[in-house]
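K.L.:
Here it is, the structure, as structure tokens.
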Amino acid sequence: MENMQYAEELVREFLVFRGFTNTLQAFETEICTDIGKMFQVYKIVDLIFAVYIPKFHAEKLVGLFSFFKQCFSSWSETTMLDTFSKLEGSVLRCYIVHALQSGRKDKVVEFFGMNGNDLLLKGSDWTAWFAIPYVKNPSIDPQFRVYFSKEWYEALRLSVRNFFSEIFNARLPALLKISSEKNTISCLKKDNKRLNQKLLQLQALLEEKEAQLGLSKRSMGAANSSFQSSGIDGENLRPSSSSEDICAPATSYLGRIPQGEECAAAEPTKFASARVESSSRQDSYSASSLHASSGGIDDTAQKLYGSHFDENGREMLREEEFPEVSVEFQETFLGHTSPITRCRFSASGNNIASASVDGTVRIWTYDSSIPASRNATIYCGAEIMSLDWECKSDRLLLIGTADGGIKAWNVDAKRVVCDLNTTDAFPSVLDLKCSPVEPIFVSAASSRRLGSNSIDSLGYASLTVWNMKTWKAMTVLPLGEDPPAITSLCFNHNGKILAASATDGMIHMFDMSAGLQITGWPAHDSAISSLLFGPDETSIFSLGSDGKIFEWSLQNQGRVLWSKTSSWFSEPQTSKYFRHEMALDASGRQLLSTSGSVRAPIYQVQGHSNGFKTLPHSAAITTVDWHPSLPIFLTGSADNSVRVTSIL
């Protein structure tokens, strides 16, 4: 009863919204006379045989059956679908017979004029019926005689009534399901919130235990030092512990650094082992560097354990000193089997496309209230290097691969509608961007060469403009002779300006109407890996491969409005395999970037606070994106997972 009342309220709301006051009055009247509150099959039968057929409402009759077919599109039983199609054909024949019996051949001709093509597609058994208006006496014709009998008409009414009775008694309308699904989602959200609170409590408890462990280690280190200064062999008194063994390389050369500091972790338990391994690897690297250096603690050790200052002498916070972001909910997608290379929200934010090194793209949704009909797995046969959704809708997804392929995937039809290829000279499609206004997109492809990391292996650049209606190349944007590879593209709000960043640290600006470069300036000392227009489009953000982030003024070219150095979250090893990228939230106030660590930084743009850090993955965060309108972000990781996080 509760579900029924909720559904009726939804109908009333819609009728008032559309201004259907007469329909609303009729609806209220019929509700007052409704006693059974259940499906009444005789009203459907009367509508067909007492209204639509006698009054020659052929268009409404066909529309009614099309509506039923759409409602029952989820039928999995072939026999049920066949039965419905046969009943539909018989009802349409009944309409034709009634028109002929009433002397209205014109209605028969009109019916075939409107629906003839569709009927021919349904089967050859309709071919003979196109001649029935011209048969002199069809009621005695052997081919049509049975359809003019009263027995056939009564049998048809009975069959229609029995069929709809069975279907509707076993199926609830979608409106009645909304209330129960809403309650289910509400319960799930409450459970999710409760579990998140429990997780935060466990994290706090873990941090407290880690702090106690660090304190005990420092006390033990002091005790060992006092024993050694007294001439007692400290090795005989050292306890055998896995944690102590991991910290041993650091304590061997950093006597003045507290022993517990480099091993303390603030991550959940399931990520703790990965973090310990990372610390051990960094300690070993620092130890070897120190041993080779005659000047004491080298730059690497200072970076890991000492204070760090930017170019202006201001002290920067270390990774562990960033506060953890406040999370409302988080969902983890585990459908991939290799590291994630790109993940993107669709234009509406309802769907997500994520790609991995193994050449697969998966389309999915994190919200249970959104239909999963568009979910799909696309096999591209090569590493995915770029993804972009069509800006005006969620209909098309563009995919760029490392072997020069560009695929356009239609999410409604669930198929590749176009399969393009760049020239053999430029096989790596580093980025794709759709125009927000016109049906065009731009591809940034590059040649290949030998290199120690992903940036060094990029050769020369090629920028091509493609038409999304004809799926053909329109023009190649000029970059000069032997231009360095273009790594990132972005359009302004009206699609008239295209910005492109290059491996030589340059930012290029193109006028798309003229197809010419209008300006450019050197922005970084290293390669630029990501580029974004600011929210008011008076500035542009650039992220260098060295971890430096700049916001550049477009009104005063070359002027830096804001900057950050994310070196604490960068790891040289990671850049060998992944190009770092960044993403701005809808307000343009928060900037999220990829990270060589298991956490990624969220900076407050031009704010006084340093920012936050995300909840951890178990490996480096290789790709990021923000929801187009909500405080929800995506993080893809080298641990094959993609996470959707909603923040408070």
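Just so it is clear, glycine is given a Cβ too, placed from its N, Cα and C backbone atoms.
Below are the features I grabbed from TrEMBL:
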DOMAIN    54-169  domain 'ARMC9 CTLH-like'
COILED    178-212  coiled coil
REGION    222-244  region 'Disordered'
REPEAT    333-374  repeat 'WD'
REPEAT    521-556  repeat 'WD'
REPEAT    614-648  repeat 'WD'
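Mind running through what each feature is packed against?
P.N.:
Taken as a whole, the repeat 'WD' (333-374) shows an average pLDDT of 92 in this prediction.
Here the repeat 'WD' (614-648) is broken down by DSSP into helix, strand and coil counts: 0 helix, 18 strand, 17 coil.
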K.L.:
Quickly jot the same-chain residues contacting the repeat 'WD' (614-648) by Cβ under 8 Å, restricted to those at least six beyond its ends, or write none.
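P.N.:
Cβ under 8 Å, 6 or more out: 267-268, 270-271, 274-275, 324-334, 336-345, 347-349, 352, 354, 356, 366, 571, 574, 577-578, 581-586, 590, 592-602.
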K.L.:
Reported in the order helix, strand, coil, what are the DSSP residue counts of the repeat 'WD' (333-374)?
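P.N.:
So the counts come to 0 helix, 17 strand, 25 coil.
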K.L.:
May I have the DSSP-based helix, strand and coil counts for the residues of the domain 'ARMC9 CTLH-like' (54-169)?
P.N.:
94 helix, 0 strand, 22 coil
K.L.:
Tally of helix, strand and coil residues over the repeat 'WD' (521-556) according to DSSP?
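P.N.:
Breakdown, helix to coil: 0 helix, 20 strand, 16 coil.
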